[in-house]
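TrEMBL annotations:
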| type | residues | note |
| --- | --- | --- |
| ACT_SITE | TYR218 | active site |
| ACT_SITE | HIS226 | active site |
| ACT_SITE | LYS257 | active site |
| DOMAIN | 2-69 | domain 'TSEN34 N-terminal' |
| DOMAIN | 189-269 | domain 'tRNA intron endonuclease catalytic' |
| REGION | 126-145 | region 'Disordered' |
Amino acid sequence: MIRIHILEGKAFVWNAADARRLREEHRIVGTLVGALARKPRQNVRLGLPLQLLPEEVRLLAEKGLAALFKNAASQPLRDDKSQDPSALEEVAAYQNEQEESYQEQVRLAAEQRKAVLGTLAERIAQGRAKKRRQEEGVPPAEPESTFVLPRQSMMVQLPTERVHPGPEEEVDWHVQSQDWPYTGQEDHEIRYRIFQNLWERGYYVTSGSKFGGDFLVYPGDPMRFHAHYIALCVSKDTPLSLCDVVSAGRLGTNVKKTVLLCSVDQDGTAVFTSLQWSGMQ
């Protein structure tokens, strides 16, 4: 069972194995929104967590492939005297582990520095001899015999999920709530029926916001294929102006995609109308 964590109405997957399983086995792509630990000051390549669309979450929940959870309400902080002894033991163990890691990094850094100095020994000796010739009678300064690694430079492991997760509560997606406000909303129901229909046809469906649509529809994995369709979800009874239809058709033509006007009948059947711009002959 894939665990989906809910935070303020948004759904996230923190486990890397679950994120890979969603893509490879269930054709659920999502969007990576986390910063990479090694390159945090860029947004070209992102990492965990994987954020899912509400329609993706509902599909997984209906298929019995995932469950929704949220963190339980946090407890007020207590003073050290009233803390649980087991919690204090965990803090002490963590501090000991950090100290052992620091000492190991000091040893490795000293060994690396010694190796670098060994490769530069000849150049260092030449430089010292030249300096002695320039400053006759002044003894050369002795190199530092000890190596100090500042604690601020110590590498610290950044876990992508909690080793000991706190208390969690399961979220019922059938009932509208502050954690899951989409249930019963007309726009969400239309978008979900369209998403479900396209997914069951074998397509990969992702967010279409970057092309002004609701979804982008791919014939295969988005890492290997370009999207073929831009899906716009509208209510069947909602009037569309001619300008909106023309602009949507021209947008699809400019990016070499077909625009789909998607709606849902009263019986829940998805209806698709394609728009393609054709020049006048």
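Just so it is clear, glycine is given a Cβ too, placed from its N, Cα and C backbone atoms.
The highest number of surrounding Cβ atoms within 10 Å, among the active-site residues HIS226, LYS257, is found at LYS257. Per-residue pLDDT, averaged over the domain 'tRNA intron endonuclease catalytic' (189-269), rounds to 94. When DSSP labels each residue, the domain 'TSEN34 N-terminal' (2-69) comes out as 20 helix, 24 strand, 24 coil, counted as helix, strand and coil in that order. Residues within less than 8 Å, Cβ to Cβ, of TYR218 (active site) and separated from it by at least 6 positions along the same chain comprise TYR203, TYR204, VAL205, THR206, PHE225, HIS226, ALA227, HIS228. In the domain 'tRNA intron endonuclease catalytic' (189-269), helix, strand and coil residues by DSSP number 28 helix, 20 strand, 33 coil.
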